[in-house]
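Below is one structure, written out as structure tokens; comments come after it.
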């Protein structure tokens, strides 16, 4: 929102939410009616082509979002080395409003503008006219309109909304108040209207112009430099005809320079070009090894088939919210399966997120496999090779800690990471499975005054650590599985072994639950029971009565942890899994111990370190 919102700031269809696309329905339906009644030979192809054009533009913009987020996560050629937060993601959530608006204007033009009907596929004279009118009137008028928008009156009422984003993403380019974007649409329509009125319009020329606008807009806001220097060496005048991402980035950091649309020559003419433009461009092209260095690498993986859309490089809106299965995502199953095949054939991990906390640089790398792959015996060797390759690459890059998230630390897969340590005894990076903090989070989630709990589900390394800690606190731990009870009993110190018992009919109001717990066993708990997961994954079934559920072991992160604008799987905003946080604590505290295999660090020490650095328990829901 602008500092002091002016007239027509809000989008008129804002209250429609996701149903705003129905605004295009009448024209889409009319187009298909025309096809059904007249046939493809008689129908106006330009009118029919508008919908595919809008869809293509949405895919084009999404591709830029994905590429930009992947590139900025790696830190290479990054221009502004600062993070963004959830407020910017929320502010830029309506980036598709601009496409809806342009779609409405295109449909109106195709119906009522003289010369806008039954366009040929291509006309060279029309394409030349569009290019000339864009380089002339459009660029000139935009330059002065943009300068006017930086006048205090218009800036505070309109343009300040766009400049709220200092660190830009591709979609920042179209985040404007309604009135301002209408003005842009009218400005960009000058070449199209001129072509229609002169009888030189064509379908392909119109589409190329719209794609050109989207391409340059996205490129200018992508926050990494991708224009090679050899282009300007080969054709020096190009610097006046095409801006670079670093050129426009200066406009967002300095505000009073580099006003041009896509062609910087008006900034040269009117002496408004930032003097540091060339220097920033050259510096951004350099790969600074120190800036690309990483201290902590967290290895995660894809979960469900649709989880790829919820990762940071996926759909920004989905990534900014806890993962939930949406019914309409099932309609995208062909794309989901295609993405699974592509990730499966990809030969190494890929960077999905980059964070900073107290000069500690962190990255999250995703192993290109889904959760179900980890249950396939014939995939385990390949998965281990991928994890091993990632660990070695992180160590080569100077990482101090590699934390294993989700199933990357499964005991049946690699003995909780110990397998890599045995293979590479001189490994410089510490391998951390995060058991100590995960167990500490579970123990500290149990309400004060609780004297007994029920432990149900598969007995994992975390479950063992939790049971031992609770027994030492003289809290009775009852297990509902006799086989698991006999498996765990020998691991409890003799002095407190009586605190662990087997019972099929426990009455405790606190249940500690893990993987393998079926719904029937959950319903054995009394109403009002508090379920606290100790597993990596949340329970598949949640009771709808008065019972409450904690999140999987996690903590809220402090404000000093920057560039957090996506949710970690199903966790709330600015909440990270305990397994991931443990790796961060290792680097912050400078611990030199591995936590893998059967080894568990001192839970109290790790918990105290987490609290000291500002991590907080998550409120129970």
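Glycine residues also receive a Cβ, built from the backbone N, Cα and C atoms like all the rest.
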Please identify the range among 65-81, 82-98, 99-115, 150-166 that TrEMBL labels transmembrane segment. 99-115
Here TrEMBL annotates transmembrane segment, and of 186-212, 213-239 the range meant is 186-212
From the ranges 127-145, 241-259, 260-278, pick the one that TrEMBL records as transmembrane segment. 127-145
Below 8 angstroms Cβ to Cβ, which residues of this chain, lying six or more residues outside the transmembrane segment (186-212), approach it? 45-46, 49, 53, 56-57, 60, 102, 105, 109, 113-116, 119-123, 125-127, 129-130, 133-134, 137-138, 141-142, 145
When the pLDDT values for the domain 'Very-long-chain aldehyde decarbonylase CER1-like C-terminal' (453-617) are averaged, what is the result? 93
Close approaches to the transmembrane segment (99-115) from elsewhere in its chain (Cβ under 8 angstroms; 6 or more beyond its ends): 13, 20-21, 23-24, 27, 44, 46-47, 50-51, 53-54, 57-58, 61, 181-182, 185, 189, 192-193, 195-199, 201, 210
With helix taken as DSSP H, G or I, strand as E or B and everything else coil, how many residues of the domain 'Fatty acid hydroxylase' (136-272) land in each class? 94 helix, 1 strand, 42 coil
